[in-house]
């Protein structure tokens with residue numbers, strides 16, 4: 001099996017900004033992905049837990065199973081999986097800050113289940129697991145690795161294995177034109193800004209990039225649930241939280257970082273509302 005090296009540097013430059021900065025706009029779950037506002041009156045924390053539950057419920061988890069979280073962030077889904085679903089968990093991350101906080105949070109649970117975070121990429125992971133979940137990590141992968149990711153995921157799952165991929169994706173110009181959605185120079189500059197200043201090396205997949213490669217690896221796409229407007233609302237909440245903590249944010253990082261993040265959060269919210277970007281949970285079965 002060819003050895004692929006994870007892109008540690010890109011992930012660490014994106015996420016190893018001070019945790020104190022992210023704490024200013026994230027909720028207590030420390031989940032940095034699209035929330036699911038199942039009810040209009042939900043707080044951001046409630047909606048983040050609802051999103052994690054929405055994903056984990058689709059995996060048909062049973063107590064004692066082992067769940068792999070690819071790109072586990074600060075461990076929010078890992079903690080939820082152990083506490084609510086009574087499973088063993090392994091979280092993979094390329095970010096040292098994510099790894100340290102995830103490790104500490106799992107150690108504080110006091111479970112008899114195996115619960116670990118690893119500073120490791122999926123490219124280096126070869127153990128068998130029962131289920132796989134991944135929240136918005138796929139859109140940081142390189143297109144040339146999409147098929148390999150799905151093939152390796154397929155290989156480490158049992159015959160009744162299930163994977164839940166929660167990912168952003170974008171559309172090609174032709175589809176946008178057919179839908180009457182204009183792609184402007186401002187949009188192109190914004191995407192360039194995201195790649196250079198917020199998510200170095202990031203490249204949004206298309207829906208066919210996800211579906212076609214997953215099917216080529218052997219997966220069946222059982223269900224796709226779109227969450228586009230939920231992300232617009234999530235981004236609004238993050239932007240409001242960060243704006244309210246402007247002085248502290250600048251003190252913790254810098255005015256440039258604060259301005260970049262406000263531009264990113266508000267700009268993404270606008271583009272989700274216009275339909276340029278989408279996000280979905282793809283339920284895959286072996």
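Cβ atoms are placed via backbone N, Cα and C, with glycine included.
What Swiss-Prot records for this protein:
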ACT_SITE  268  active site
BINDING   32, 33, 71, 72, 73, 93, 94, 95, 96, 97, 98, 122, 123  S-adenosyl-L-methionine binding site
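Here the features listed in Swiss-Prot are placed on the structure.
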| residue | record | DSSP (3 states) |
| --- | --- | --- |
| 32 | S-adenosyl-L-methionine binding site | coil |
| 71 | S-adenosyl-L-methionine binding site | coil |
| 94 | S-adenosyl-L-methionine binding site | coil |
| 123 | S-adenosyl-L-methionine binding site | helix |
| 268 | active site | helix |
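Counting only residues at least six positions away in the same chain, the Cβ atoms of 22, 26, 73, 74, 136 sit under 8 Å from the Cβ of residue 32 (S-adenosyl-L-methionine binding site). Residue 268 (active site) has a Cβ environment of 22 other Cβ atoms inside 10 Å.
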